[in-house]
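First the structure, in the form of structure tokens, and then the observations on it.
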Amino acid sequence: DVVETQEHYKSRWRSIWIMYLTMFLSSVGFSIVIMSVWPYLQKIDPTADASFLGWIIASYSIGQMVASPLFGLWSNYRPRREPLVISTAISVAANCLYAFVHVPHSHNKYYMLTARALVGFGAGNVAVVRSYIAGATSLTERTSAMANTSACQAVGFILGPVFQTCFTLIGEEGVTWKFLCLQLNMYTAPVLFGALLGVINIILIFAIFREHRVDDMGRQCKSINSDGEGSDVLDQNAEGSIDHVAVVALNILFFVILFVFAVFETIATPLTMDMYSWTRKEAVFNNGIILSVIGIESVIVFMVVKILSKKTGERAILHAGLLIVLVGFFILLPWGKKLPNIQWQEIKNNSIPRTAPTEMLMPFWSLQEMQLPSNHTAEPVGCPITQSWCLNTPMIYLAQYISSDVLIGLGYPVCNVMSYTLYSKVLGPKPQGVYMGWLTASGSGARILGPVFVSQIYTHLGPRWAFSLICGVVVASLLLLEIVYKRLIAFSVRYGRMQE
């Protein structure tokens, strides 16, 4: 019963592939400078401290959270090419601004903050991308297309730091073009490369992208975004109301999924430095390798769930993914009797008694002075005594940490794809731009709050409290999923137009 010409089919999938590319470039724009932001910030503005770095990192998510509903609303009423081109142009301009933040004589850190916020604002187009893919695919194509979209996003996050590493060959000084006031170095070359990719993306959107829409069964429909291209027939299945209980529940579930993964990413470096006495360099290098492996694992998972979902359905896979994430964080709970090494302890040949009350009451800087000779330059390693929980909380074994990484790397991509897929199916043939905007905004909010939450709880109460609370949040999300389980069905199934 599918009525679609071969020409329409090819044009539709070419447009979807352009959306995949847009999603890939959006994630590259975030990750291509993430490793070099701090040294570049210190170079251009010595007044910037670590707390300001936190604002710069968060500004991307804040910009995306603000922009997603706006671009989504725009895409509901106008040809999607408009918000796609404008958002990509904003990202290109923001990357160029980032390359010139060294030029002003003062307040350079605020220019960098503005540049990263605008890059995030431009990345709000992911709501447009996902709403287009939802409208341009049938129910049977939807899961596969959403998985491909998430895979492109994951590959972008993986390759961004790889591009950054390649550009380090240019060096910190690089080449200066005085007539352009441009320093082409390891900090600016990646963003200019990102700007070039953005320009290519805009050209491809104009040249290849076309508005297409099909109903849940794959039949051509007239798109509300149509700019005069094609001669699609009207969709007769758009009647009916959206199940807003299911929509709100999926927004909450998506927030939890992004929240726990943001916690996981944030905690990796400080946790391994505290537990295994790794130096900053060792922690960044080792966790970089681990996260890269998890990224590759995620891409494989994205491909596998496309097959599994056809046999078990999206709801069951989402349930399984949340359970895997729960087990992953449960494994991280400290157990046993061995305590982590206290910072500076090994430098004084293990002569610091863990429970000596006089030393526990000493200021941290006094303890440093007492333990180190004046000419000592070694980087302190171990669990800092300023974190009082270090004195009584068992260490998390490396095997626990690696096992947790593997499980979270398996559960997160499953939950990510299934939540997007179910969300688009619940919304059905209605214009999805605004709804996808809110879903993207909820994910951006989670990426902002996750690091704040874990930095406070972990620092003051330790890993036992931090990971117990995360487990509690995941259990609550599983209960929510059980409550709304029967409501998470496709729009057409809900109104009896298709069988599940």
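In case you wondered, yes, glycine gets a Cβ from its N, Cα and C as well.
Quick look at what TrEMBL lists:
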DOMAIN    15-489  domain 'Major facilitator superfamily (MFS) profile'
TRANSMEM  17-40  transmembrane segment
TRANSMEM  52-72  transmembrane segment
TRANSMEM  84-101  transmembrane segment
TRANSMEM  113-133  transmembrane segment
TRANSMEM  154-171  transmembrane segment
TRANSMEM  191-209  transmembrane segment
TRANSMEM  245-264  transmembrane segment
TRANSMEM  284-305  transmembrane segment
TRANSMEM  317-336  transmembrane segment
TRANSMEM  401-423  transmembrane segment
TRANSMEM  435-459  transmembrane segment
TRANSMEM  465-485  transmembrane segment
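Below 8 A, the CB atoms of the transmembrane segment (465-485) and the transmembrane segment (317-336) form 3+ pairs separated by six or more positions in the chain. Here the listed stretches are 17-40, 191-209, 245-264, 284-305, and the one with the most C-beta pairs under 8 angstroms to the transmembrane segment (113-133) is 17-40. Across 84-101, 154-171, 245-264, 284-305, stretch 245-264 shows the highest tally of CB pairs under 8 A with the transmembrane segment (435-459). 401-423 is the stretch from 84-101, 154-171, 245-264, 401-423 with the greatest number of Cβ pairs below 8 Å to the transmembrane segment (284-305).
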